[in-house]
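K.L.:
Quick one: this structure, given as structure tokens, is what I'll be asking you about.
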Amino acid sequence: MERNKFASKMSQHYTKTICIAVVLVAVLFSLSSAAAAGSGAAVSVQLEALLEFKNGVADDPLGVLAGWRVGKSGDGAVRGGALPRHCNWTGVACDGAGQVTSIQLPESKLRGALSPFLGNISTLQVIDLTSNAFAGGIPPQLGRLGELEQLVVSSNYFAGGIPSSLCNCSAMWALALNVNNLTGAIPSCIGDLSNLEIFEAYLNNLDGELPPSMAKLKGIMVVDLSCNQLSGSIPPEIGDLSNLQILQLYENRFSGHIPRELGRCKNLTLLNIFSNGFTGEIPGELGELTNLEVMRLYKNALTSEIPRSLRRCVSLLNLDLSMNQLAGPIPPELGELPSLQRLSLHANRLAGTVPASLTNLVNLTILELSENHLSGPLPASIGSLRNLRRLIVQNNSLSGQIPASISNCTQLANASMSFNLFSGPLPAGLGRLQSLMFLSLGQNSLAGDIPDDLFDCGQLQKLDLSENSFTGGLSRLVGQLGNLTVLQLQGNALSGEIPEEIGNMTKLISLKLGRNRFAGHVPASISNMSSLQLLDLGHNRLDGVFPAEVFELRQLTILGAGSNRFAGPIPDAVANLRSLSFLDLSSNMLNGTVPAALGRLDQLLTLDLSHNRLAGAIPGAVIASMSNVQMYLNLSNNAFTGAIPAEIGGLVMVQTIDLSNNQLSGGVPATLAGCKNLYSLDLSGNSLTGELPANLFPQLDLLTTLNISGNDLDGEIPADIAALKHIQTLDVSRNAFAGAIPPALANLTALRSLNLSSNTFEGPVPDGGVFRNLTMSSLQGNAGLCGGKLLAPCHGHAAGKKRVFSRTGLVILVVLIALSTLLLLMVATILLVSYRRYRRKRRAADIAGDSPEAAVVVPELRRFSYGQLAAATNSFDQGNVIGSSNLSTVYKGVLAGDADGGMVVAVKRLNLEQFPSKSDKCFLTELATLSRLRHKNLARVVGYAWEAGKIKALVLDYMVNGDLDGAIHGGAAAPPPAPSRWTVRERLRVCVSVAHGLVYLHSGYDFPVVHCDVKPSNVLLDGDWEARVSDFGTARMLGVHLPAAANAAAQSTATSSAFRGTVGYMAPEFAYMRTVSTKVDVFSFGVLAMELFTGRRPTGTIEEDGVPLTLQQLVDNAVSRGLDGVHAVLDPRMKVATEADLSTAADVLAVALSCAAFEPADRPDMGAVLSSLLKMSKLVGED
């Protein structure tokens, strides 16, 4: 019974268990079916999102998305355990359940917009679209991706702001937005990304301050926000980021002090905050960063001394504190940094001596101490730095002998010690420096012979021993320097003959031997220097017939051989020097006539044949072919006869003509009226006859000096001489002029010196003006003159007021005449000295094959057809032209097609005559370079067109606010700016933006890119009035950047002469000898800044007190008179609200003047200019 009861209970229990099991199975089956259905739905959503992503891609040149397609039955849920087909698509990865976790398509050249549907793929963990061409905004819908860990969209064209919705991606640990066009502030909620370890957004247009919430990113390891427009200070809370390893904030607008709290970031290895506006001291607490390897604080406004506590940064490899305002001594404690490889302290105000302890830095490879106030000798133990490769100490007051131990620095490649007070002989043993490539010791007091072992440095490329007191001869061993490109020995006391072996230096580009005591003949071997561009032999004792071998140097642009003893005629072979822009053969004993061959030098800007024994007529055909002469034509002090050729009027750009002291006859040619840019004309000491041409003077209204004395000219002085409003010196003495002295001369307010003596003038001497202080010597020899204190009263005329002729007036007159004469004599010398530095040889692209198109591919840029651009510009209709030059015409265009969405562009169609087929290699090669130049202050190149013999064109972003020229001066091409655009702040902002762009061109790429034509019309203004430098590739496409030899081989005559820059903005060395360096752009930038703040063009007529001035002279005079003087020359449309505004404007003009210095060596680099401008921005609140 009991057993039956037990059995019955067990039976009931089992029945219940079975029922429960059946129910559980049913429930599980139901849940499984629901999960399967849910999974299928999720897959469907993700598939749709992927297809929408593909639809947003307008161009897929590599076909990476070609396999992103759905079969006939679709790609639905998981079937039979297999993953959905889209999990195998290129760049897509899924988890085991078929959910998309990753989209990675870096460097795929995709172009289009990023689809917001990606926000529907809730399982996404990684998005990597690095180095594509996505544009438009970053979709805010990405903020729905709660599992997203990495968002990497670097190197695209994304615009707009950083969506604040991204702060919802709580799993995010890597956010990389660098190299885009993002604007606006960093979202204030960025601190909500508590897992963030890497935050990169460099090279954008972000502004505003660092959000305080960043202090909550306790796990952050990398912060790189460099190259933006961020402002404000670094918050002290940054010291709470204990895991921070890399902090890069360089090239922004940060200001204030560097926070001491940074010293608490013990894991910091890289600190780059250069090129900002930080002020105050370098915190001593930075010495606590014992793991720090790189500290670069240069280009700020830091003051006080270098903290000695930096001795504790024992891991430092690179310490760069240059280009600040640091004072005091160099701390000896820096010698305790055992790992230091680079120490850069240049361009500060450091004083005292160079500490001997620095020679303990045995790993040091770079030591830069230039442009300070250092004195005393270099440490005798400098030779301990056996790994040193660069020793840069120029522009100090270092003295004593160069230490002998320097010969132990056998790795030394660059030793720049010029502009110091070093004395004594060069040390022995320099020949051991077999790695030495640049040795610059110019402008010191070194003496003795040049040691022979110096010529064992076979790797030398530049040797500058100029402006010292070296004596003795130039050794024949100089021929061992086969790699030398620049040899500067001018300004010494070297003697003897120039050795024949000098011809072994076949790579030489610049040879300066002027102002020595070299004698004898120029060696014939000089013809081997086929790359030579500059040859200075002036002011020596060289003799004999001018060597024909010189005229085999077909790359020469400057030839200075004046003040020697050369004899004989000028050879016809001079015609071989087709690139010559400067020719000085003055003060020799040359005879014969002017050869017709001179007429073939169509690039000539300056010609000086004065003080020789040349005779015969001045050939009109030669003069007619010299239409490019811009600066100086001097044929004075020879024996030329005959008439002044009428063709002289074709020299429309010449500024000085001197034909004095010859035997010229006939009249003054009326065609001189064509020389509309003439400042000085000297025809004195000839046998010219007849009257002065009618209507001559109104055409020469820029003249400041006119000397026609010592001729046989007669008739009356024309009344229209009153048109010479700028004349300062006028000498008509020793002629046969008659009649009355024109009363209008008294009204020429600029006139300071007047000589009317030895003529037959009659009647009263005018009152006023220059006549108030005129001396008797300026009037004597005119028996018919009357009036005044020293002359008999005039009969029939009212006696004028008595005048006192003082000795002071005579002294002033003599001084003025002397200064005018000295000015003429100095012109040639100034032009020669101006070329101290020359462009270093640049590698020209060596493109193999006959087809440039096949040789160079520019995948980064879109290629357009002729038809596409014709459709965009209405067949290049003139109504669409927004700019033109001899090199190109720019059209406004609208791209057709759905992909372009009516995108407005600027189409720059190049002139095929100036860009012939021979320039195709340069054109296509430089397109590849342009495609990689990406900066917020450079005009973006969208694409290009190239069809042989049909079109060469660049397609650029269209800028709605036109160019800076239109904004300054007005014009149809640019809308008028709002009144606020004319404040000091806004103009300074433009300068900063242009400087940013040029700094990037000069130092942001593998090699410096020199613009060569910086001017307001090449600065474009976008919708926010942000300045963008354009046209930075034209010079390179014409091969202007190439070494002369390569350029000659690659370019036609049309190409080599087409790109001339723009008059008024060209640096002298570029105008005269086509030398290309970054200092060319610095000069142009200085002129641009002056034009921007004064509203005056550099090519316009500028007067001050009736005296003609260049824009630089006007600004220089104004700055020298202080703030009142500056205020007088500022653009009246510019609002100057406060004294701080005026002071800032004065500071900008002072920087601009330094940029426009005549000597390239005297100009700052664009980095230093930008640093100065950023410091000024703070004063006007431009943060």
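Yeah, the Cβs are placed from backbone N, Cα and C, and that goes for glycine too.
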K.L.:
Going by Swiss-Prot, which one of Cys169, Cys189 is joined to Cys167 by a disulfide bond?
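P.N.:
Disulfide pairing in Swiss-Prot: Cys167 with Cys189.
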K.L.:
According to Swiss-Prot, one residue in Asn504, Asn886 is annotated as N-linked glycosylation site; name it.
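P.N.:
Candidates were Asn504, Asn886; Swiss-Prot attaches N-linked glycosylation site to Asn504.
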K.L.:
Tell me the coarse DSSP state (helix, strand, coil) of Asn591 (N-linked glycosylation site).
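P.N.:
SS state of Asn591 (N-linked glycosylation site) = strand.
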K.L.:
Select the closest residue to Cys94 (disulfide bond) from the following recorded positions, measuring between CA atoms: Asn181, Asn591, Asn747, Asp1013.
P.N.:
Asn181
K.L.:
Just to verify a number: CA distance, Asn408 (N-linked glycosylation site) to Asp1013 (active site, proton acceptor), in angstrom, no decimals.
P.N.:
45
K.L.:
Please list, for the repeat 'LRR 16' (481-505), how many residues fall into helix, strand and coil according to DSSP.
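P.N.:
Reading the DSSP string over the repeat 'LRR 16' (481-505) gives 5 helix, 6 strand, 14 coil.
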K.L.:
Return the residues near Asn504 (N-linked glycosylation site), defined as same-chain residues 6+ apart in sequence whose C-beta is under 8 angstroms from its C-beta, sorted by sequence, else 'none'.
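P.N.:
Gly479, Gln480, Gly482, Ser525, Asn528 - these are the non-local Cβ neighbours of Asn504 (N-linked glycosylation site), listed in sequence order.
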K.L.:
Which one is closest to Asp1013 (active site, proton acceptor) in space, judged by CA to CA distance, out of the glycosylation sites Asn88, Asn267, Asn591?
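P.N.:
Answer for the nearest of the glycosylation sites: Asn591.
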K.L.:
At the level of the C-alpha atoms, what whole-angstrom distance separates Cys167 (disulfide bond) and Asn634 (N-linked glycosylation site)?
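P.N.:
Here the two Cα atoms lie 74 Å apart.
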K.L.:
For a quick check of packing: other C-beta atoms within 10 Å of the C-beta of Asn408 (N-linked glycosylation site), how many?
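P.N.:
I count 18 other Cβ atoms within 10 Å of it.
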K.L.:
Compute the C-alpha separation of Asn395 (N-linked glycosylation site) from Asn120 (N-linked glycosylation site), stating it in Å without decimals.
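P.N.:
That separation, Cα to Cα, works out to 63 Å.
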K.L.:
Within the repeat 'LRR 2' (121-145), count helix residues (DSSP H, G, I), strand residues (E, B) and coil residues, in that order.
P.N.:
5 helix, 7 strand, 13 coil
K.L.:
Is it possible to get the count of other C-beta atoms within 10 angstroms of the C-beta of Asn747 (N-linked glycosylation site)?
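P.N.:
Cβ-Cβ neighbours of Asn747 (N-linked glycosylation site) within 10 Å number 15.
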K.L.:
Helix, strand or coil at Asn395 (N-linked glycosylation site), per DSSP?
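P.N.:
The three-state answer is coil.
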